[in-house]
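Before we start, here is the structure in question, set down as structure tokens.
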């Protein structure tokens with residue numbers, strides 16, 4: 001895949017001036033370097049990583065040319081906006097710049113935007129290939145106010161002959177039912193570790209980045225299925241240290257180290273509450289939030305080698321504690337109580 005502008009046809013500067021991968025320490029470069037997230041953003045639908053079934057439906061839309069209004073829902077960093085831009089590029093070709101309006105609904109979320117910007121664009125005359133429509137892209141559409149969404153549904157009907165709407169959102173249930181019923185809803189899931197690894201290796205090869213296997217594992221661990229996060233972490237670590245290993249990655253990402261968390265779980269499996277608590281107290285005094293600690297405990301526990309029945313019991317207790325923390329009971333005592341319950345699960349029941 002070539003290094004190209006990902007600005008998606010909105011005429012961003014620096015479209016083709018992405019510099020080749022730096023062979024020296026990156027901080028010394030005297031020119032502007034595009035973020036790798038933008039530099040390696042796919043420009044065609046077949047370059048998108050993951051969610052093959054959903055992307056294949058978009059390819060059918062691009063081939064047939066008859067696109068419905070669409071909603072793409074899914075977690076951050078899975079390629080929702082990129083997919084819409086690739087679809088628009090495939091449909092409109094050279095007319096992309098004039099025939100696409102891209103709005104981020106997090107900023108442009110009020111009813112005035114629907115009444116002014118969107119309506120004005122929908123009314124504009126644009127010369128397009130036969131059977132093609134103008135496209136209005138609403139990113140993070142679940143941030144739009146209810147009033148704006150109500151106004152949007154009427155606009156979608158009035159201009160249905162000339163304009164198609166493409167909405168990207170994290171939670172489709174925050175889009176009102178009348179809009180959902182006017183759209184084809186496509187769902188994206190988090191990317192697998194192997195999918196992220198394949199793209200990381202591709203970028204590493206192009207940028208001539210030195211790395212270790214444990215460094216890539218650390219990037220994948222911190223990304224949690226988010227390709228944007230993975231590429232940002234890769235570039236940040238390379239910019240800061242010039243070498244990708246797990247120590248450098250966790251210095252940049254700064255979250256509870258999974259090796260420490262793994263050791264803590266091992267002490268719980270051995271019913272050694274004192275040693276487990278020492279590690280917990282250490283993480284706490286390093287300033288990590290309870291949400292960060294409990295999140296990493298869960299992620300490490302999922303892949304930890306232990307009896308299946310015990311893993312299920314551990315995950316149940318971790319989930320229960322996570323719920324309490326989310327409700328605001330996030331003290332060190334709450335976390336210590338979790339360790340005590342985990343240790344208790346591993347101890348043989350005492351005959352009465």
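Cβ atoms here come from the backbone N, Cα and C positions, even for glycine.
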Which range, 1-30, 31-60, does Swiss-Prot list as region 'Disordered'?
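Result: 1-30 is the stretch Swiss-Prot calls region 'Disordered'.
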Counting only residues 6+ away in sequence within the same chain, which have a CB under 8 Å from the CB of residue 79 (ATP binding site)?
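For residue 79 (ATP binding site), the qualifying residues are 42, 48, 49, 50, 51, 188, 227.
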Between the Cα atoms of residue 80 (ATP binding site) and residue 302 (N6-acetyllysine), find the distance and write it as a whole number of Å.
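Checking the Cα atoms of residue 80 (ATP binding site) and residue 302 (N6-acetyllysine) gives a distance of 27 Å.
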What residue among the binding-site residues 78, 81 has the most other CB atoms lying within 10 A of its CB?
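It comes out as 78.
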Nearest to residue 161 (N6-acetyllysine) by Cα distance: which of the recorded positions 74, 78, 302 is it?
74
Whole-number Å distance between the CA of residue 78 (ATP binding site) and the CA of residue 302 (N6-acetyllysine)?
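Roughly 22 Å, rounded to the nearest whole number.
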I want to verify one value. Collapsing DSSP to three states, which class is residue 81 (ATP binding site)?
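The three-state answer is helix.
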Which number gives the other C-beta atoms within 10 angstroms of the C-beta of residue 161 (N6-acetyllysine), all protein chains shown included?
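Its Cβ has 6 other Cβ atoms within 10 Å.
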